[in-house]
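Database features, via TrEMBL:
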REGION    1-20  region 'Disordered'
TRANSMEM  36-54  transmembrane segment
DOMAIN    102-238  domain 'Multidrug resistance protein MdtA-like barrel-sandwich hybrid'
DOMAIN    139-200  domain 'Multidrug resistance protein MdtA-like alpha-helical hairpin'
COILED    178-205  coiled coil
DOMAIN    251-321  domain 'CusB-like beta-barrel'
DOMAIN    328-383  domain 'Multidrug resistance protein MdtA-like C-terminal permuted SH3'
Amino acid sequence: MSEQRHNQLGIHPLSPGEAGSGELLKRDQMVRRTRILTLVVLVLLALGAARTVVSRIQTADELEAGTHARAMQYVQTVLPSVPKTGQSLALPGTLQGYVQAPLSARASGYLKRWTKDIGSRVEKGELLAEIETPEIDQQLSQAIASREQAKAALGLATSTLTRWEALRRKDVVSQQDLDERRGAAAQANANLAAAEANVQRLRQLESFKRIVAPFSGIITRRNVDVGDLIDAGSGRPLFLLSQTDPLRVYINVPQRYAQSVKIGAPVTVTQTELSGRRFPGKIARTAASIDLATRTMQVEVALPNPEGVLMPGAYVQVALDLPAGDTLAVPTNTLLFRREGTMVALVEPNGRIDMRRVTVGRNYGQSVEISDGLQAGDRIVLNPADSLAAGDMVQVAESATPAPTPAVTPVIVAPGGNAGHGEGSSQ
């Protein structure tokens with residue numbers, strides 16, 4: 001029936017040969033489809049793998065870029081500035097009388113009277129006090145008597161020699177006797193000279209009863225009163241006399257500034273209690289050598305004081321004008337204090353950090369002088385982090401600008417020679 005149905009429909013059964021060929025064709029088609037499907041799957045897998053690799057590479061690049069961006073430090077920079085001229089160095093000192101002398105007694109006795117007290121202005125040669133010297137008076141009287149005796153003895157010896165010379169001419173006495181008389185006369189003459197010298201000595205000593213001013217000035221101290229026992233050998237001063245016009249001030253200039261100090265250069269002296277007043281002076285002389293203990297040079301300043309306003313012993317500040325050197329100034333917040341010394345961080349053209357050791361000079365308050373280690377065009381990092389190291393990459397947040405020029409403010413240097421700020425800053 002199937003066969004009839006097939007025949008009715010025009011479907012004729014295949015011969016055995018044709019049937020075998022159809023099976024082969026179907027098998028080839030299946031293999032071809034399998035290969036194509038496998039190839040498609042492999043291509044899809046390769047595309048997926050490539051996409052994954054590319055994605056991972058992009059992610060790694062982004063991660064590296066993000067890490068680099070996060071590691072990049074942003075800094076602000078500043079350029080060194082040149083300090084203004086007219087800088088000055090202020091140093092402490094104590095006023096002293098230009099001539100200051102303790103007046104002691106050369107004669108022993110009792111103070112009879114004093115005529116000048118502390119604060120008295122006296123002229124050279126003016127009487128200050130008088131000493132009662134009874135022992136010296138008695139010694140002088142005795143010396144005068146001894147001198148008179150020597151005069152009498154010389155007169156006798158001279159007349160005797162004259163007579164014996166006459167006798168010798170008559171050959172009455174021997175030459176030896178005449179020589180003895182000549183020796184006696186010479187001895188008497190020497191005794192008179194010694195007696196006269198003793199009288200002059202005691203008179204000179206007696207003149208020391210009067211204590212007079214050796215120069216014009218002010219009595220700044222009186223250590224005795226009427227009736228006090230005066231011992232010439234004790235060395236105790238009776239008065240202290242000071243010449244107050246002009247005055248002296250001795251200051252110790254640190255070695256760093258010693259070469260800038262010139263004799264005759266003007267200075268300005270100020271005293272805290274006399275606010276607003278400035279007293280001009282000049283450098284009189286220098287020690288021209290550095291003290292090994294303090295590394296300073298002693299300088300003497302002569303200070304006119306015609307009005308007598310300044311008093312010896314007062315504490316003052318002496319400001320010396322210093323010439324501007326070939327130095328630069330940077331803000332104080334650029335300095336790094338490391339074990340190697342004082343450093344600044346410089347930004348190189350390639351954006352890397354260079355740590356530079358510098359030598360700090362005067363302190364200007366907001367800025368400091370750099371005497372060595374910098375050049376005018378160096379870009380210096382402001383407020384550098386303590387972790388900043390040489391070779392670090394940085395990004396400059398804004399272009400470098402010159403540091404503010406230091407204001408003119410005096411530098412106060414302690415006697416040891418160390419500069420400080422505030423009452424010790426530089427101008």
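Backbone N, Cα and C atoms are what each Cβ position is placed from, and that goes for glycine too.
Not measured: the values here are computed from a predicted model.
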Which residue counts does DSSP give the domain 'Multidrug resistance protein MdtA-like alpha-helical hairpin' (139-200) for helix, strand and coil?
57 helix, 0 strand, 5 coil
Kindly state the mean pLDDT of the domain 'CusB-like beta-barrel' (251-321) in the predicted structure.
91
Chain residues outside the transmembrane segment (36-54) and at least six past its termini with a C-beta under 8 angstroms from it:
none
